[in-house]
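Annotation source Swiss-Prot lists heme b b562 binding site at His84, His183. The heme b b566 binding site feature in Swiss-Prot is assigned to His98, His197; the stated evidence is similarity to another entry. What Swiss-Prot lists as ubiquinone binding site is His202. According to Swiss-Prot, the transmembrane segment annotation covers 34-54, 78-99, 114-134, 179-199, 227-247, 289-309, 321-341, 348-368.
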Amino acid sequence: MAPNIRKSHPLLKMINNSLIDLPTPSNISAWWNFGSLLAVCLITQILTGLLLAMHYTADTTLAFSSVAHTCRNVQYGWLIRNLHANGASFFFICIFLHIGRGLYYGSYLYKETWNTGVILLLTLMATAFVGYVLPWGQMSFWGATVITNLFSAVPYIGQTLVEWAWGGFSVDNPTLTRFFALHFLLPFVIAGITIIHLTFLHESGSNNPLGISSNSDKIPFHPYYSIKDILGLTLMFTPFLMLALFSPNLLGDPENFTPANPLVTPPHIKPEWYFLFAYAILRSIPNKLGGVLALAASVLILLLIPFLHKSKQRTMTFRPLSQTLFWLLVANLLILTWIGSQPVEHPFIIIGQMASLSYFSILLILFPMIGTLENKILNY
C-alpha cells in the first residue's frame, strides 16, 4: 500500500495526530467544545490585533486619535476594532466556561494540563489588561494607574517596582510604549503555551463526562468532533457578531470616549466585566497588601484544586451535593462580578466581603468536606 503523506510527513503527521486521527472518547459533550473555541478566539484576536497595530500609534499625544482615525477613516476599521474589543469578551466567556467544565468534570486531575491552563489564564489576563490601556481613554489611563499601583504594596521594593513598571514617576509615554510592546508579544506567548497545554492533554487523552477510562471506546476526532466543533463555532460566532455589529459598546465604559486626563479622576474606576470578580475581592479587604494577596489568590487558588479533590469519583455527574456546591460557587462569582461594578458604599461593601469569604470557603473548605462526606455516604 502506498504511504499516506498525512501519516508520514514530519509536519503533517503532527497535525494528523492532534486533529484528524486523534482517538477521542465517544461520549464527550458540548462542554468539550470550548478548547477549540478558545483556539479560534486566539487566532481571531491575533489577526484583528495585527490589522489594528498597523494603524495604531503608541504615543500619549496620538494614541486616542489614532484609534478614532482607525474607526473613521480606515476601510472596515470600525469592524476590526469592534471585533477585537468584543472578541476579548468572548475569549473570557469561553475560558470561564472551559475552566468551569474542568472543575465540574474533574479534568484538573490531569495536573500538567491544568497547571499550563492556569498559566494561560494568567497570561490572557495580563494581555487583556495591557491591551485595555492602549486606546488611552480616561478608564484606560486610570485603570492602568490603579492596577500598576498595587505593586507598591510589595514590602520594601514596592515603590521601586512601580516606578520600574511605569518607566517614570507616573503612567506616561514610556508606560504606553511598553504596554503596546507587551500587548503585541503576549498573544504569541499564549499560542506557544497552548501548544504545551495540548501536548500534555494528548499524553493522557481527553477526560469524559463519566470520569471513567474511555480506552475501550474511542473514535477518531475527524469527522466526528471536527464537525461538532464547527457547529460550536457557528453557535459562538452568531452572538459574537450580533454584539460586535449591533451593540459594540455595550460592554465598554463610556469614560473611555474621553481622552486620558491625569488631572481628572473618573467617579468610578472599574475594569472590564471579566475582571470584576477579582476586583471585588481586591476591594473587599481594607488593607492594600491584604487586598493584593487576595486578588492573586483568587486566581492562583486554581492551582490548589487538584490537591483538594477528596472524592472517590472523578466527576460531579453522580454527586448531587458537590453539584449544589458547584452552582453555589457559580452564583457567588456572579455576585462578585456585580459587586465589582458597584460603588464602594453600604450595602455593597458587606455583600462583597461576604461573597469573597464564601468564594474561598467553598473552594478551600466545603469542596473537600463534601467530597469526603459523599465517600462516607457511598458506604451505606
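The backbone N, Cα and C atoms fix where each Cβ goes, and this holds for glycine too.
Sequence features, as recorded in Swiss-Prot, placed on the structure.
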{"residue": "His84", "record": "heme b b562 binding site", "DSSP class": "helix"}
{"residue": "His98", "record": "heme b b566 binding site", "DSSP class": "helix"}
{"residue": "His183", "record": "heme b b562 binding site", "DSSP class": "helix"}
{"residue": "His197", "record": "heme b b566 binding site", "DSSP class": "helix"}
{"residue": "His202", "record": "ubiquinone binding site", "DSSP class": "helix"}
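With a cut-off of 8 Å on Cβ pairs spaced 6 or more residues apart, the transmembrane segment (348-368) and the transmembrane segment (289-309) reach 3 or more such pairs and are scored as touching. Outside the transmembrane segment (321-341), and at least 6 residues removed from its termini, the chain residues within Cβ reach (under 8 Å) are 100, 103-104, 270-271, 273, 275-281, 283-284, 311, 348, 351-352, 355-356, 358-359, 362-363, 366-367, 370-371, 373-374.
Cα to Cα, His197 (heme b b566 binding site) and His183 (heme b b562 binding site) are separated by 21 Å. In sequence order, Gly49, Thr127, Val130, Gly131, Leu134 are the residues near His183 (heme b b562 binding site), counting only same-chain partners six or more apart with C-beta under 8 A. Residues 99, 103, 106, 108-109, 111, 114-115, 118, 121-122, 125, 150, 153-155, 277-279, 281-283, 356, 359-360, 363-364, 367-368, 371 of the same chain, all 6+ positions outside the transmembrane segment (289-309), place their C-beta atoms under 8 angstroms from a C-beta of that stretch.
Per-stretch counts of Cβ pairs under 8 Å to the transmembrane segment (78-99) identify 34-54 as the leading one among 34-54, 114-134, 179-199, 227-247.
Between the transmembrane segment (34-54) and the stretches 114-134, 179-199, 227-247, the greatest number of Cβ pairs separated by less than 8 Å involves 179-199.
Note on the transmembrane segment (114-134): residues 56, 58, 63, 67, 88, 91-92, 95, 98-99, 102, 107-108, 140-141, 143-144, 147, 175-176, 179-180, 182-183, 186-187, 189-190, 193-194, 196-197, 200, 271-272, 274-275, 299-300, 302-303, 305-306 of its chain, located 6 or more positions outside it, place their CB under 8 angstroms from a CB of the stretch.
If you take the C-beta of His84 (heme b b562 binding site) and look for same-chain residues 6 or more apart in sequence within under 8 angstroms, you find Gln45, Thr48, Gly49, Leu52.
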